[in-house]
Amino acid sequence: MLRRITRAVPRVNARLFSSTSVSLQADEWKNLKAPKHDYKGKITGIGQETIIREAIQRQLPEDTISQLERLESAYQQYRECTQKYDEARHKQRKVSDAIKVATDKKALAQEASEAKKLMKAMDLNQREAIATLNSLMELVPNVIHSTVPQGDDVEVLEILNPDRQYKSDVGHYEIGHSLNLLDTKTSANTSGYGWYYLLGQGAQLEQALVAYVLDKARVSGWMTVAPPTIIRKSVAHACGFKPRDVGGEKQIYAIEDQDHCLAGTAEIPLAAWAADKSFKYTSDPVKVSGVSRSYRAEAGARGADTKGLYRVHEFTKVELFAWTISPESADAILEDMLAFQKSVVVDLGLKARVLNMPAFELGYPAAKKYDIEAWLPGRGDWGEITSTSNCLDYQSRRLHTTFKLRDAKKVYAQTLNGTALAVPRVIAAICESNYDPETKTIAVPEVLQKYMGGVTSIGAQDNCDVFATT
């Protein structure tokens with residue numbers, strides 16, 4: 001069983017950044033600054049061989065593995081070009097200084113012209129070498145944490161509410177439609193498959209879940225943020241949002257003729273809130289929770305997952321996001337975030353299992369990831385309802401987020417993200433776990449009842465039956 005690591009943390013407020021932090025204007029966001037890759041730490045420290053081995057563990061595409069085999073040679077080329085550029089610049093400055101004190105300046109003019117041309121040529125070579133190296137570094141995923149399970153099997157850490165009993169194995173799709181809580185037939189016409197209407201107390205249940213988990217997060221020291229849901233593609237890329245497409249299909253909703261897309265998770269705009277800024281060292285750790293609509297193309301999804309609320313294109317999600325100074329602190333906060341997620345699942349009375357995920361389940365930014373899967377009786381299987389990841393400095397180096405220490409030195413922040421609540425999946429789990437086929441009602445978890453006006457159970461929504469039969 002996991003032990004909860006507790007830390008004395010300050011209550012957060014909005015005055016978290018150093019006064020010297022840069023405030024970007026809207027047009028400056030079109031192109032984020034180039035990532036500050038740790039060339040030496042990655043290529044010399046970790047080494048190309050280890051990077052490739054971990055990429056294989058992550059089951060990255062073969063063409064990506066082949067590109068990573070060029071890292072060492074590209075780094076060597078970059079170092080050689082940098083050395084030659086420095087030598088050319090030194091020579092050009094030396095000639096320029098000589099001209100300033102020379103009595104016969106014409107005699108040095110030709111040498112100065114040649115030195116200037118050489119420096120420009122070496123500058124171009126260096127820029128090309130940096131571009132090549134940076135393109136390869138973008139293919140390098142985060143390091144794999146030493147505690148990530150070896151092999152392809154997940155590590156089951158704990159079962160929550162293990163003695164949970166069920167009265168039914170009816171699926172939430174059937175329950176939702178029979179009680180008039182859910183309408184996916186109309187949404188198929190208005191929006192397409194993968195969208196849905198929540199009706200009456202179904203919609204109230206969504207609002208109750210959001211209010212409950214935001215209150216719980218706030219009491220636990222997480223500052224509430226309402227982030228935007230339309231973001232620049234460059235921001236999504238900087239956060240490492242690279243879902244693995246199926247058959248080349250796109251997983252992100254891009255806005256036509258613009259450099260924007262719809263956020264697949266509040267993690268992205270929350271991370272970008274601190275882009276090109278420095279936190280005060282006294283703010284460590286900084287913890288925020290954000291609720292937003294999230295958008296996933298979910299291309300390539302097939303089968304039962306596409307029926308009902310489990311895998312949808314648009315949904316409400318409450319996200320946790322944290323920044324901290326050190327890798328050690330990040331390890332502790334990851335455990336705190338998991339403890340928070342577990343307490344939510346226990347509060348809701350859902351049977352679930354806590355998983356330490358293997359390398360091939362990690363996204364590019366994640367060094368380690370925990371998932372929680374709830375048992376869905378109607379599905380007859382486990383289904384993911386939360387995830388939390390430690391991304392170390394992967395995102396902060398791309399977004400230029402730092403902590404300003406006491407000595408004014410800046411260090412890249414460690415970032416962590418986690419699902420506080422993926423609302424439709426939790427609704428599906430509550431419906432299937434709490435449905436009583438005799439009374440045809442769904443028991444409302446006790447922690448949600450005050451957010452639903454004292455309602456203890458949800459029955460047929462007769463007030464939603466408003467259309468005449470044809």
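Keep in mind that glycine also has a Cβ here, set from the backbone N, Cα and C atoms.
Automated prediction, rather than curation, is the source of TrEMBL annotations.
Quick look at what TrEMBL lists:
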BINDING   Thr265, Arg296, Glu319, Asn417  L-serine binding site
BINDING   Arg296, Ala297, Glu298, Val312, His313, Glu314, Phe315, Glu384, Ile385, Thr386, Ser387  ATP binding site
COILED    71-125  coiled coil
DOMAIN    169-445  domain 'Aminoacyl-transfer RNA synthetases class-II family profile'
SITE      Thr419  site 'Important for serine binding'
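Neighbour counts of Cβ atoms within 10 Å were compared for the recorded positions Ser387, Thr419, and the top value is held by Thr419. Other than Thr265, Arg296, Glu319, Asn417, the residues of this chain whose Cβ falls within 8 Å of the Cβ centroid of the L-serine site are, in sequence order, Ala263, Gly264, Ala266, Glu267, Ile268, Ser294, Lys317, Thr419.
Among the recorded positions Thr265, Arg296, Asn417, Thr419, the ones whose Cα sits within 10 Å of the Cα of Ser387 (ATP binding site) are Asn417, Thr419, in sequence order.
In sequence order, the binding-site residues near Thr419 (site 'Important for serine binding') (Cα within 10 Å of its Cα) are Thr265, Glu319, Ile385, drawn from Thr265, His313, Phe315, Glu319, Ile385. If you compare every pair of Cα atoms in Arg296, Ala297, Glu298, Val312, His313, Glu314, Phe315, Glu384, Ile385, Thr386, Ser387, the residues listed for ATP, the longest distance is 19 angstrom.
The separation of Glu298 (ATP binding site) from Glu319 (L-serine binding site), Cα to Cα, is 19 Å. The two recorded residues, Phe315 (ATP binding site) and Asn417 (L-serine binding site), have Cα atoms 18 Å apart. Binding of L-serine is attributed in the record to Thr265, Arg296, Glu319, Asn417, and the widest Cα separation among these residues amounts to 18 Å. In the predicted model, the coiled coil (71-125) has a mean pLDDT of 86. In this structure, the C-alpha atom of Thr265 (L-serine binding site) lies 12 angstrom from that of His313 (ATP binding site). When secondary structure is read from DSSP and collapsed to three states, Thr265 (L-serine binding site) falls in the coil class.
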